[in-house]
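The structure appears right after this line, and notes come after that.
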């Protein structure tokens, strides 16, 4: 019954198969380009293309031309100064994660930013140190140059101090990661980041936050803990910390607790009152300045033995060439660094580009970060990406373009060249506390587990596996494990889709899963089978097994039984034990007829049933002579709904054709509906059709096929006499127009 006020649509049109529709409606011919045409077009150059290439490689040209000095400059200056103060502090703090002297973090907050200003497509992200990348670099640094014991046997280490060796390792692995990013950008493979789902990135960054938290405990507690890398490094580090915890420095603990409590409270107030505050309170910077002054006034280093930042050299160091031997030692770790650094930066950039309505280019972002890391590594900085908190500061303080980023780099440069000495007495425990407080966002991602478990269990498994593997095995191996589990989950979802049998919703042309609705109509002898995924080599057997389950019999087994029965009937007729009369077959033998044991040629049993040399065509659903038993097949029509099938590969084509042949040979008419035109074209190109499997089985819609079946088999609708109806025409009503209903219904 129709709900009151509901709109109707009424359309009267012919019943269409794919062939009849193609005959009646002419398609537009589109000439497809050959591979040679694409190559020629790629290497063709004209003035317009050269201009577009220049704008693409130097996006700064595009937005600097429309820069609104009066409207944007002041906002960019405020944002640049605010972001620069945070960048100085985070550069020093995150450098501890990389197991390097703190001032090298200032290099990473300067050189990559300058390059990104010219090459980047995002106007709002703040380029520089990212804690996860710093931790990944730290694991490589401590592996090649451990705290205890000799460094790795690398040629370029001779005559260098331990810190210089570590800087060389960090800059070399950064250089290599930059080369990988640049190569991916040039080869236009920025899409690789799409394989890192939000779930995987969330699990990975949560595990990284746990690693960062543990790595900062030694600074917060004032302990000397050697850097450990490799699987279970976090467990071994915690074991050492717990064994030494009685030796903790009370002054470091107190400083850290005060910093963490104050910073946490003020950051919460910033979030709560962000609409009322013109600029977020830079509490990390304020507390750092206070802690630095108190430490200098009371001489914490001498009186309490706390570890401080120490002397920060003025100026920049001369460029150095990367070490090729380190390339060989760190190639495996450099690739996940390149991917993670780009993935995080691109994700943040995408959020801000949507918010502020401009576009970003993934491939150009790869080029920008690749060149930034290569250039920065030459001046002894380490891998750069973007820190979420720093980017939030740059955007929330009114930053409009990367001019704010350039000004933040100038702020870092001022500290490096002029006032860095003021940070000498800064306790490292302050930096550790600042890092830990900024982990809140990443650690709170644990709350996603219950949600994912309720909404999408495979995604929850990906999250949990990635997080656990990254915690126990290390970030590089953990990312590989997570990516593997994610790809397996995708393959399993495609390999084992939820197939269903559809039925008609009474009185409509709508077809739904028959398990989900009460008021449905299923004509006798008709099955509608739907597979909601591509069909390819990995799931073709699953498709065939589900198809057999849906129709209720194995067509190949039925075919073999029928052909075996025909063999037996022919032999009995030849021997005279069976005769044909006007009343049917007559058994003339007085002895019981035994079933034939001859299975010499199984291939013949798979061929279509051949009734030649027989006086009549056998009715397989009727009574058979000589007590022959063949499985009954009540199905006369099968409809395959291909609406959700996006592609077929060669293996699937072969398997599908075999399945269709088996069904056709047991006298089941097969129809395929809603097939994608490109799949249909591929079937023609691959010689899919023959005398048995014909193009006439393809219909435009599911309802077209059903109407065709009901017209061909009217008995299907006469075996039931309830009030079910199936619409034989569909009608469209436009609001405000006259409704003309020409519905004709078939009664079941």
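Yeah, the Cβs are placed from backbone N, Cα and C, and that goes for glycine too.
Predicted, not measured: the structure shown is a model, and the values here were computed from it.
Pulled from TrEMBL, these are the features on record:
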DOMAIN    516-709  domain 'STAS'
TRANSMEM  73-94  transmembrane segment
TRANSMEM  100-119  transmembrane segment
TRANSMEM  165-184  transmembrane segment
TRANSMEM  191-213  transmembrane segment
TRANSMEM  219-238  transmembrane segment
TRANSMEM  250-267  transmembrane segment
TRANSMEM  279-298  transmembrane segment
TRANSMEM  334-354  transmembrane segment
TRANSMEM  366-383  transmembrane segment
TRANSMEM  403-423  transmembrane segment
TRANSMEM  429-449  transmembrane segment
TRANSMEM  461-485  transmembrane segment
Note to self: Out of 165-184, 219-238, 334-354, 403-423, what stretch is closest in contact terms to the transmembrane segment (73-94), meaning most Cβ pairs under 8 angstroms?
What the structure shows: 403-423
Checklist line | Dominant neighbour of the transmembrane segment (403-423) in 100-119, 165-184, 279-298, 366-383, by Cβ pairs under 8 Å | finding: 100-119
Margin query: Can you tell me which parts of the same chain pack against the transmembrane segment (429-449), counting only residues 6+ beyond its ends and a CB-CB cutoff under 8 A?
Written below: 89-90, 92-94, 96-97, 102, 131, 202-203, 205-206, 208-210, 212-213, 216-220, 222, 249, 252-253, 255-257, 259-260, 263-264, 267, 284, 287-288, 291-292, 306-307, 309, 387-389, 460, 463-464
Checklist line | Recorded stretch that, among 100-119, 165-184, 279-298, 334-354, 366-383, has the most CB pairs under 8 Å to the transmembrane segment (461-485) | finding: 334-354
Notebook entry, point to check: What mean pLDDT does the predicted model reach across the domain 'STAS' (516-709)?
Noted result: 85
Checklist line | Beyond the flanks of the transmembrane segment (334-354) by at least 6 residues, Cβ under 8 Å | finding: 121-125, 127, 130, 132-133, 136-137, 173-174, 176-178, 180-181, 184, 190, 192-193, 196, 198, 201, 204-205, 327, 360, 362, 365-366, 369-370, 373, 383-386, 388, 391, 395, 475-476, 479-480
